[in-house]
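Visitor: I grabbed these lines from Swiss-Prot:
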REGION    1-47  region 'Disordered'
MOD_RES   A2  N-acetylalanine
COMPBIAS  8-20  compositional bias 'Acidic residues'
COMPBIAS  34-46  compositional bias 'Acidic residues'
ZN_FING   230-247  zinc finger
REGION    289-302  region 'RBM7 binding'
REGION    312-327  region 'RBM7 binding'
REGION    409-518  region 'Disordered'
COMPBIAS  410-430  compositional bias 'Low complexity'
COMPBIAS  468-499  compositional bias 'Pro residues'
MOD_RES   T474  phosphothreonine
MOD_RES   T482  phosphothreonine
MOD_RES   T488  phosphothreonine
MOD_RES   T495  phosphothreonine
REGION    533-667  region 'Disordered'
COMPBIAS  552-562  compositional bias 'Polar residues'
MOD_RES   S601  phosphoserine
COMPBIAS  635-645  compositional bias 'Polar residues'
MOD_RES   S660  phosphoserine
MOD_RES   S697  phosphoserine
Amino acid sequence: MAAGVDFGDLELFEAFDPPEESTPKPVHTRFKDDEEEEDDDDDENGVGDAELQEQLRRCEATIEQLRAENQELKRKLNILTRPSGILVSNTKIDGPLLQILFMNNAISKQYHQEIEEFVSNLVKRFEEQQKNDVEKTSFSLLPQPSSVMLEEDHKVEESCAVKNNKEAFSVVGSVLYFTNFCLDKLGQPLLNENPQLTEGWEIPKYQQVFSHIVPLEGQEMQVKAKRPKPHCFNCGSEEHQMKECPMPRNAARISEKRKEYMDACGEASGQSFQQRYHAEEVEERFGRFKPGVISEELQDALGVTDKSLPPFIYRMRQLGYPPGWLKEAELENSGLALYDGNDDADGETETGEIQNKNVTYDLSKLVNYPGFNISTPRGIPDEWRMFGSIPMQACQQKDVFASYLNSNIQSPSMRSSGKRSSSQSSPNSPKKQRKEGSAAASPADMELDSDVEIPPGSQSSKAFQFQPPLPPGTPPPLPQGTPPPLFTPPLPKGTPPLTPSDSPQARPAASAMDEDALTLEELEEQQRQIWAALQQAEGGNGDSDVPGDTPLTGNSVASSPCPNEFDLPVPEGKALEKPVLAEPQEPAASVDTAGPEPSCSPAAGAAVLSQREEEAAAEGGPGDALLDNGGVLNMNMSNGSNQQPIHPDSRPPMAPKTHSPVPDMSKFATGITPFEFENMAESTGMYLRIRNLLKNSPRNQQKNKKTCE
């Protein structure tokens, strides 16, 4: 029967909701059914009407009580309601400063006037600071989420300007101050959203009753030693370190205090201070984790079962083999080259070239991933479409990947042979010319005679070439990449100076001549010219050896007693481009008139030539043999008849020479750069003055002994 009675009053909510429209009161129409009509007919004494009247009286009493409460709420709400019609231009300054609720307390009653004066003094102080320093008075304090906005009186129509300035009437703090404590209901706003910059946010320190964990009944409480604070080992102060200690150093005290500190740190941590970690311990701790094997815990965490592939397998098909596990299977070489005196071709590197590290892989450490690099077990579906992936790739199979790693990794010998093949493929490259020149000009190679001729293009002739140690009279080889020096032997007596037409630069056609152009007579004449130049270089070291009309060039000091002037290697490529002899090509009769008549038969000429080659090998040093082999045999590019060139291997074998393994004393001065004097006027001509004294030097004496032998 209570369904037909309304409870509550809309007037209670008028203070919170704006009165937009007059809400009509609901009208309840109650229809009686047949049973109720029968009951009403039975209530002849009016019992039903009495109960209804009693309910109406109770409802009216409740309504009166709610009206009284509504009036009380309206009166209290007026205290926290902003006044209407106030325009605020600056929300940070023009709004209300604070709202004070004076309670019924003797202190607030007594100091009521002082509180108001204090507020007014704060306003004056702020205005003065704003005039002096604007930045000091600028704060970015946004209302906190717990702030409350003061509502305006709803009986007055709101203006747009007042609606836009509701931020000025936000309550950002509500504190009840008691004599012993205060109760903050809203908190405080943060300065620049930073609690450290906001005053009043210090964390209170409470008294700690228990410093250790309370043990269970029947167990002893284990007190853990505290870790000592770092302090000065010299004086014991905690305010500075030992290096900043003003007291004099006491080594014994410092050592003792340091030992105590280390022991205390070890006891506090429950283990040794200097603990060592071993790989075996790590393997035991993480031994249950194996790559490619999914445990039951991991399956539960991923939400997969034994009958499905994990989701990361489908992602691995797109990304490839994990690089971390590939690094585990990597066997990296240090890249250091060890030299034992043998010039191995494997360790041969060019100047400025960095030796690459040889990286190999242990194929047994490749991880098996079912569904990625090995086939999926039977009964497990491949759901790559559902995960947006790709099917299994044949290139990602374990055996294919292993063969790929083996094929892409070159051994050092393969890499060096590839380097040699690349140099052989380009005959005009400077690297090849340097290598061939050094191989042709080596004195040790000049003394070797082989019965079996190996084709120069074969791989065995390059990879398996015997390289004996250098003889004592041979200087160390120049570093690779150094341009070969051009030497000009001394000119014989009576030789006119060079003319521009006779210079080697003016005769480019001579370098392009055919090898079969010289006759035997011309070869013998050129050989005599070389021997005359060598004899003058060996025997005549005085100033009278060089005629006065001979111009001094940069290489005219070749007649000095330095024994290394003919020992340096001359590349073959340079020998083919320019003639070895720098003197002008004169007729044979004008150069050497005292020489024997050349033989007309080729056989006799060849015999004479081979005999003189043997004499040159016996008399001259390794440098003479170098000029003999590198200059005379390569003289077949001048003009002449179609005489066939004489091959170096066709001459009779020479007896091997025995040399001391210790280099000559004069070889230790090779490569020393002379000191250039600043005052060139005083140093000019000094060498010519002391040249006669240098003839008796130990170097020349040793050289003369070798010549006599």
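Glycine is no exception: its Cβ is also placed from the backbone N, Cα and C atoms.
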Visitor: Which residues, given as numbers and ranges, are at least 6 beyond the ends of the region 'RBM7 binding' (289-302) yet have a Cβ under 8 Å from it?
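Guide: Result: 310-311, 325, 367-370.
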Visitor: For the region 'RBM7 binding' (312-327), find every same-chain residue at least 6 residues outside the stretch whose CB is under 8 Å from a CB in it, and list them.
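Guide: Beyond its ends, the region 'RBM7 binding' (312-327) has Cβ neighbours at 291, 361, 365-367, 369-373, 383-384, 387-393, 396, 401.
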Visitor: Let me check the 10 A CB neighbour count of S697 (phosphoserine). How many other CB atoms are there?
Guide: 12
Visitor: Give the three-state DSSP assignment (helix, strand or coil) for S697 (phosphoserine).
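Guide: Its secondary structure by DSSP: coil.
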Visitor: How does the zinc finger (230-247) divide up by DSSP, counting helix, then strand, then coil residues?
Guide: 3 helix, 0 strand, 15 coil
Visitor: Looking only at the region 'RBM7 binding' (289-302), what are its DSSP counts of helix, strand and coil residues?
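Guide: Its residues fall into 7 helix, 0 strand, 7 coil.
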Visitor: Could you tell me the mean pLDDT the prediction assigns to the region 'RBM7 binding' (289-302)?
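Guide: Residues in the region 'RBM7 binding' (289-302) carry a mean pLDDT of 87 in this prediction.
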